[in-house]
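Here's the structure, in structure tokens; my notes come after.
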Amino acid sequence: MPGLWRQRLPSAWALLLLPFLPLLLPAAPAPHRGSYKPVIVVHGLFDSSYSFRHLLDYINETHPGTVVTVLDLFDGRESLRPLWEQVQGFREAVVPIMEKAPEGVHLICYSQGGLVCRALLSVMDEHNVDSFISLSSPQMGQYGDTDYLKWLFPTSMRSNLYRICYSPWGQEFSICNYWHDPHHDDLYLNASSFLALINGERDHPNATAWRKNFLRVGRLVLIGGPDDGVITPWQSSFFGFYDANETVLEMEEQPVYLRDSFGLKTLLARGAIVRCPMAGVSHTTWHSNRTLYDACIEPWLS
């Protein structure tokens, strides 16, 4: 009997200790948060995927395991190709990524790339974009002398660039696709083959479908600032723009908003527009500024 008791004692003690096992064993590492949605990054004028190495590091650090794709299309001078041509190329690249992400994706689109992405959201019937983050993008157009323009059109100034941009030849350059001269609005409306269409400023047979598609987006995050130095006016990053007197009218004063021509008013009404202005950031440093990332980008990468 004593021998039998000694044989059973370990089993009895094991039963008594079972409730306390979680306290006795070392704690298991906390599991990672559920998988993050894939992130697609679209670069700007004269850019390439290499420019976004810091942004890639920030995302990997704060949201480990996130699949980030920086699309390597229309790099360098190829970014001057007509924007509709670029939209088609980027569309072919993003469709397979979206198809593999039934929970949705996020878009981070920088400068000219923000216009490419807005057009993508307009023409894609089945896109599944949750956050569209427009990073210092001339969403209402550009009207300013920049080094890019001086290099491309050395004999022109912003006051007479409309003569080139609002011609069939000029519309073959991406910059002219969103050149918005407030002193020649009639020419802009008639000649713009890109911005006037995605803004719904000129009638076209796809306007209703494009608006419906754009409104599929979960959230529109607008980022820009007064020290950008390239986007002119800088409020274009927030859908503000000049009137004929070069007074800036904010988004809520713009005809495209008041008419809700492509969905801005609807998005704002449902609380789906986030505006994140930040001073002290120059145009070429938006995607490498950690403070900006933490405040304006990271919160929307679910």
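Cβ atoms are placed via backbone N, Cα and C, with glycine included.
Here Swiss-Prot flags 1-27 as signal peptide, drawing on sequence analysis.
The feature N-linked glycosylation site is assigned by Swiss-Prot to ASN60 (among others). Over all protein chains present, the Cβ of ASN60 (N-linked glycosylation site) has 12 other Cβ atoms lying within 10 Å.
Residues annotated as disulfide bond in Swiss-Prot, with similarity to another entry given as evidence: CYS109-CYS117 (among others). A strand conformation is recorded for CYS109 (disulfide bond) in the three-state DSSP classification. Counting Cβ atoms from all protein chains shown, CYS109 (disulfide bond) has 26 others lying within 10 Å of its own Cβ.
Counting only same-chain residues six or more apart in sequence, the Cβ atoms lying under 8 angstroms from the Cβ of SER111 (active site, nucleophile) belong to HIS43, GLY44, LEU45, ASP47, LEU135, SER136, SER137, PRO138, VAL230, ILE231, HIS283. The feature active site, nucleophile is assigned by Swiss-Prot to SER111, with similarity to another entry given as support.
Over all protein chains present, the Cβ of CYS165 (disulfide bond) has 26 other Cβ atoms lying within 10 Å. Under the heading disulfide bond, Swiss-Prot lists CYS165-CYS176 (among others).
Under 8 Å, Cβ to Cβ, and six or more positions away along its own chain, ASN190 (N-linked glycosylation site) finds TYR166, ARG202. The N-linked glycosylation site feature in Swiss-Prot is assigned to ASN190 (among others).
Its own atom aside, the Cβ of ASN206 (N-linked glycosylation site) has 12 Cβ atoms within 10 angstroms in the protein chains shown. Residues annotated as N-linked glycosylation site in Swiss-Prot: ASN206 (among others).
Secondary structure at ASP228 (active site), as computed by DSSP, is coil. According to Swiss-Prot, the active site annotation covers ASP228 (among others).
There are 7 other CB atoms within 10 A of the CB of ASN245 (N-linked glycosylation site), with all protein chains counted. Annotation source Swiss-Prot lists N-linked glycosylation site at ASN245 (among others).
Per Swiss-Prot, disulfide bond is recorded for CYS276-CYS296 (among others), and the stated evidence type is similarity to another entry. The number of other Cβ atoms within 10 Å of the Cβ belonging to CYS276 (disulfide bond), over all protein chains shown, comes to 19. Secondary structure from DSSP puts CYS276 (disulfide bond) in a beta strand.
Just so you know, the Cβ of HIS283 (active site) picks up 18 other Cβ atoms within 10 Å once every protein chain is counted. Per Swiss-Prot, active site is recorded for HIS283 (among others), and the stated evidence type is similarity to another entry.
In the three-state DSSP reading, ASN289 (N-linked glycosylation site) counts as coil. Sequence-distant neighbours of ASN289 (N-linked glycosylation site) (same chain, six or more apart, CB under 8 Å from its CB) are VAL281, listed in sequence order. Positions annotated as N-linked glycosylation site by Swiss-Prot: ASN289 (among others).
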Please list residues from the chain of CYS296 (disulfide bond) whose Cβ is under 8 angstroms from its Cβ, counting only those at least six apart in sequence.
ILE133, VAL221, ILE223, CYS276, MET278
Where does ASN245 (N-linked glycosylation site) sit in DSSP terms: helix, strand, or coil?
coil
Measuring Cα to Cα, how many angstrom lie between CYS165 (disulfide bond) and ASN245 (N-linked glycosylation site)?
21
In whole Å, note down how far the CA of CYS176 (disulfide bond) lies from the CA of CYS117 (disulfide bond).
17
Provide, as an integer number of angstrom, the distance between the C-alpha atoms of ASN245 (N-linked glycosylation site) and CYS176 (disulfide bond).
21
